[in-house]
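*Asks:* A single structure is presented below for examination.
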Amino acid sequence: MSEAVTRIQVGGTAGSEPYEVLVGRQLLGELGGLIGAKAKRVAVIHPEALAETGDALRADLAAQGYEAIAIQVPNAEEAKTAEVAAYCWKALGQSGFTRTDVIVGVGGGASTDLAGFVAATWLRGVRWIAVPTTVLSMVDAAVGGKTGINTAEGKNLVGSFHPPAGVLCDLAALDSLPVNDYVSGLAEVIKAGFIADPAILDLIEADPQAARTPAGPHTAELIVRSIKVKAEVVSSDLKEAGLREILNYGHTLGHAIEKNERYKWRHGAAVSVGMHFAAELGRLAGRLDDATADRHRSILEAVGLPLHYRYDQWPKLVENMKVDKKSRGDLLRFIVLDGLAKPTVLEGPDPAVLLAAYGEVGE
């Protein structure tokens, strides 16, 4: 795939406006056009690790005539708290931020989740633009309009559906990404392959080592294909009334692991274990063939993602899953596969089957 800019449309549903996801290199020149002439002020929310990037972006926007401020927040999941959100609200209030002004969220998935949540809640909703800088945030967090913060009770339990006005995926940002962060994001890419686009799996399996680096020949295509999977789903189901649930493949157990680890595990690592579990659950429930279940193990292992978690933590994980957003009443709900690219819901599975599936994951 060439380095030309790819534009992916995300359709407006549930009263939201349609928007574009741009994928390419050197895209920040597009930012002013997305912000528009109506905005007087722009707030750049960025993590501590991207302080230089955030300040450079603020300076560039100021040079374009905007009253630009940079709001620095903690790195990774430590940013997704009510206290950090309140810190951002205070900064917006002190700068006189109005409904015509714009928030720009720069960084990984946690940063864009927070920026979107702050935008959703300030003055009951202001426009925001996502500038994701990791694989995870490009293919997942920044697309689709889910915003949120974590609480002691679980991950993303407080949040809002508030789609961005646009998303800029500048692939140059991936060049300096630590390898573990890059590989973590591949979990969401692989998920897209299993639930909707098997060509993604073929590209990775052809050269797993090349898939582990942004310099790989298929990096742009893998990211574009993954974004298109999510864009198609959320365009028809913004608020997770039905189809969008398939994007939670691997996430029920994954989120439970993240909570159990107090959000010190990378999201992609937890989702990788969650997909391995979901594949075994689908197999044991008589839904998924052996070859596709085994393919989960081989492709995740080939790119260096984890397959296992501590067996003795199963009771805690079950309790965590009971407060998962996807649960209905007292019934646990899992996304499983009836076959490759055939996701479906498995509701209230037998606890013995769940334990047996976890037996393949636990160590």
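The backbone N, Cα and C atoms fix where each Cβ goes, glycine too.
Marked as NAD(+) binding site by Swiss-Prot on the basis of sequence analysis: Gly109, Ala110, Ser111, Thr112, Asp113, Thr133, Thr134, Lys146, Lys155. Swiss-Prot lists Glu188, His251, His267 with the feature Zn(2+) binding site.
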*Asks:* Taking the residues Gly109, Ala110, Ser111, Thr112, Asp113, Thr133, Thr134, Lys146, Lys155, which the record names as binding NAD(+), find the longest CA to CA distance and state it in Å to the nearest whole number.
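*Replies:* Pairwise Cα check on Gly109, Ala110, Ser111, Thr112, Asp113, Thr133, Thr134, Lys146, Lys155 gives a maximum of 21 Å.
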*Asks:* Quick one: what's DSSP say for Thr134 (NAD(+) binding site), helix, strand or coil?
*Replies:* coil
*Asks:* Out of the binding-site residues Gly109, Ser111, Thr134, give me the one sitting nearest to His267 (Zn(2+) binding site) by CA distance.
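*Replies:* Among Gly109, Ser111, Thr134, Gly109.
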*Asks:* Give me the count of other Cβ atoms within 10 A of the Cβ belonging to His267 (Zn(2+) binding site).
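*Replies:* Around His267 (Zn(2+) binding site), other Cβ atoms within 10 Å: 28.
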*Asks:* Specify all same-chain residues, apart from the site residues Glu188, His251, His267, whose Cβ lies within 8 angstroms of the center of the Cβ atoms of the Zn(2+) site, ordered by sequence.
*Replies:* Leu136, Asp140, Ala187, Lys191, Gly250, Gly254, Gly268, Ala270, Val271, Gly274
*Asks:* Across all chains shown, how many C-beta atoms besides its own are within 10 angstroms of the C-beta of Thr134 (NAD(+) binding site)?
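*Replies:* Cβ-Cβ neighbours of Thr134 (NAD(+) binding site) within 10 Å number 26.
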*Asks:* What Cα-Cα separation, expressed in whole Å, is found between Lys155 (NAD(+) binding site) and Glu188 (Zn(2+) binding site)?
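*Replies:* Cα of Lys155 (NAD(+) binding site) to Cα of Glu188 (Zn(2+) binding site) measures 17 Å after rounding.
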*Asks:* Round to a whole number and give the Cα-to-Cα distance in Å for the pair Thr134 (NAD(+) binding site) and His251 (Zn(2+) binding site).
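*Replies:* Their Cα atoms are separated by 19 Å.
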*Asks:* Distance between Ser111 (NAD(+) binding site) and His251 (Zn(2+) binding site) at the Cα atoms, whole Å?
*Replies:* 19
*Asks:* Tell me the Cβ neighbour count for Ser111 (NAD(+) binding site), meaning other Cβ atoms within 10 Å of its Cβ, over all protein chains shown.
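*Replies:* Counting Cβ neighbours of Ser111 (NAD(+) binding site) within 10 Å gives 31.
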